[in-house]
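Pulled the feature table from Swiss-Prot, pasting it below:
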| type | residues | note |
| --- | --- | --- |
| BINDING | GLY38, HIS39, SER40, GLY41, ALA42, GLY43, LYS44, SER45 | ATP binding site |
| DOMAIN | 2-241 | domain 'ABC transporter' |
Amino acid sequence: MIEFQRLHKSYSVDGRQIVALHPLDLRIGPGEVFGIIGHSGAGKSTLIRLINRLEEPSGGRLLIGDEDVTALDSQGLRALRRRIGMIFQHFNLLSSRTVAGNVAFPLELVGTPRAEIDARVAELLARVGLQEQANQYPAQLSGGQKQRVGIARALATGPQILLCDEATSALDPQTTASVLQLLAQINRELGLTIVLITHEMDVIRRVCDRVAVLDAGKLVETGPVTEVFLHPKHVTTRRFVSEAEHLDEAELHRDFAAVGGRIVRLTFLGNGTYEPVLGRIARDTGVDYNILSGRVDRIKDTPYGQLIVALTGGDQTAARAGFVAAGVQVEDLRV
């Protein structure tokens, strides 16, 4: 478990104190994929770099298991960092080394015997699907392949925690999806705790179990991704969700003005996403409906659907009760 206890970070610039991260309390469970999302300058990179003390905290405590990371001396810090792997936005590969040489590098630094290094490198390149590229150099690789090398290198010392600092923001959508799929597979098969920072809610939706939302150095919302994504509370979170769903709130409200009736948002979760609930309830209650917006997608492995519909006529009270009885979440947008 990773636990932040009133951890905070400030800088002194020209005699002024700049707060990068306000005091926060947060727990990340063992084996979970935890997302940290925020706009540029929100403090997310500072937060993740406090975990392995690439940034020194200004106050508070950070516990990994029972160990107080903030109290470690240099020897303890070196031991900690061998248990924490990290991948970066711009890969940070050594251009003069081959793919295999990059993956071997952290093992060489700790004096691992050559035979063990060779076996470990072969195992890791097979895991990330780069066996055929072992003797190529970074300049010969695509962006996605470079990030896979970065992942293999981060796993070389057998870490318990993997930190991902904007690991997909330099990649195209298709490559992003493949890298996220690889991270999910690593989490399942190795049981690693993965802490992933991003400015894209779609990345959080695809791979994370829980999420923390940062805004101007403050933790403004946290919880299971399903709950935060479907029921965002803070204005920053709502903006991230709207961007991920490609919703234009102003345009949507113009659509509201063009139709009559009660407007509701219906949220379907799990297998109920694929049931013909709307049509059945419309027939049973005599309610007419006009679909203004809709989507079906997944939050990690869980299917979900959302419809914004205008309801007119019929027994709308019975229709609402029918939706609730069917496990559909109903939110009134206009009564």
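Positions of Cβ are set from backbone N, Cα and C atoms, glycine also.
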Please report the three-state DSSP label of SER45 (ATP binding site).
helix
Got a sec? Which of these binding-site residues, HIS39, LYS44, has the most Cβ atoms within 10 Å?
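The most densely surrounded of these binding-site residues is LYS44.
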With an 8 Å cut-off on Cβ-Cβ distance and a minimum sequence separation of at least 6, pull the same-chain contacts of GLY43 (ATP binding site), or say none.
LYS9, ALA20, LEU21, HIS22, LEU214, ALA216, GLY217, LYS218
For GLY38 (ATP binding site), what residues in its own chain, 6 or more apart in sequence, show a Cβ-Cβ distance under 8 Å?
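GLY38 (ATP binding site) has long-range Cβ partners LYS44, ILE197, HIS199, VAL213, LEU214, ASP215, THR236.
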Looking only at the domain 'ABC transporter' (2-241), what is the mean pLDDT?
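Mean pLDDT across the domain 'ABC transporter' (2-241) comes out at 94.
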Would you mind ranking the binding-site residues SER40, SER45 by how many other Cβ atoms sit within 10 Å of each Cβ and giving me the lowest?
SER40
Using the Cβ centroid of GLY38, HIS39, SER40, GLY41, ALA42, GLY43, LYS44, SER45 as the reference point for the ATP site, which residues of the same chain not in that list have Cβ within 8 Å?
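Checked against the 8 Å cutoff, the neighbours are HIS199, LEU214.
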Restricting to the same chain and to sequence separations of six or more, state which residues have a Cβ under 8 Å from that of GLY41 (ATP binding site).
ALA216
